[in-house]
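These notes concern the structure reproduced below.
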Amino acid sequence: MPNYKLLYFDARALAEPIRIMFAMLNVPYEDYRVSVEEWSKLKPTTPFGQLPILQVDGEQFGQSMSITRYLARKFGLAGKTAEEEAYADSIVDQYRDFIFFFRQFTSSVFYGSDADHINKVRFEVVEPARDDFLAIINKFLAKSKSGFLVGDSLTWADIVIADNLTSLLKNGFLDFNKEKKLEEFYNKIHSIPEIKNYVATRKDSIV
């Protein structure tokens, strides 16, 4: 078994699907939380000047979705066929498109923007993008006979999207009373015993 070390800030955000995957598969790894002070020194040593970084036996890999996809392929969660892999990849790509808008909100909150600006971003930027994004996810779920987004078993797309739904819930962008199909999906993924146990004991954050 390779030696894995995941480096990211002390938050869920872009690294959490990686952590969930490791936890679900009981793969040992070091979950290293980088402080703001450490980051200024560490940044020049990283491949892209960004976190997360996954170290595998000393080799450094960057870009969160590339890392997650790499592990999904390695651990059999990328899809059972080339077509399933393409569907899973496309769902995650759509998620990345949405995150561009969502991060405008979380950044505004993090950096202490005034309430008027935060509300403007919420209502004029994020909510329209959220509506489009969730409509697409609902279309995949409507076609699914298994309750998973792709095929008849869990893929990395399920892990990524379910974790993003957590962030939407925590920030007031999702109401399961109005999104029953998404609630069923969310509960299905979070009822997987290993994921359920991990989520119950992890250090939480709003993103």
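Along the chain as shown, the residues are counted starting at 1.
Just so you know, glycine gets a Cβ as well, placed from its N, Cα and C.
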Of the candidates Tyr8, Tyr29, Tyr32, Tyr87, the one that Swiss-Prot places in the glutathione site of Trp39, Lys43, Gly49, Gln50, Leu51, Gln63, Ser64: Tyr8
Binding-site residues compared (Tyr8, Lys43, Leu51, Gln63) - the one with the fewest other Cβ atoms within 10 Å: Lys43
Intrachain C-beta neighbours of Gly49 (glutathione binding site), sequence separation six or more, cut-off 8 angstroms: Lys43
Neighbour-count leader, CB within 10 A, binding-site residues: Gln50, Ser64: Ser64
For Tyr8 (glutathione binding site), the three-state class that DSSP assigns: strand
Overall pLDDT for the domain 'GST N-terminal' (2-79), taken as the rounded mean: 96
Chain-internal residues near Trp39 (glutathione binding site), provided their CB is under 8 angstroms and they sit 6+ positions away: Phe9, Leu51
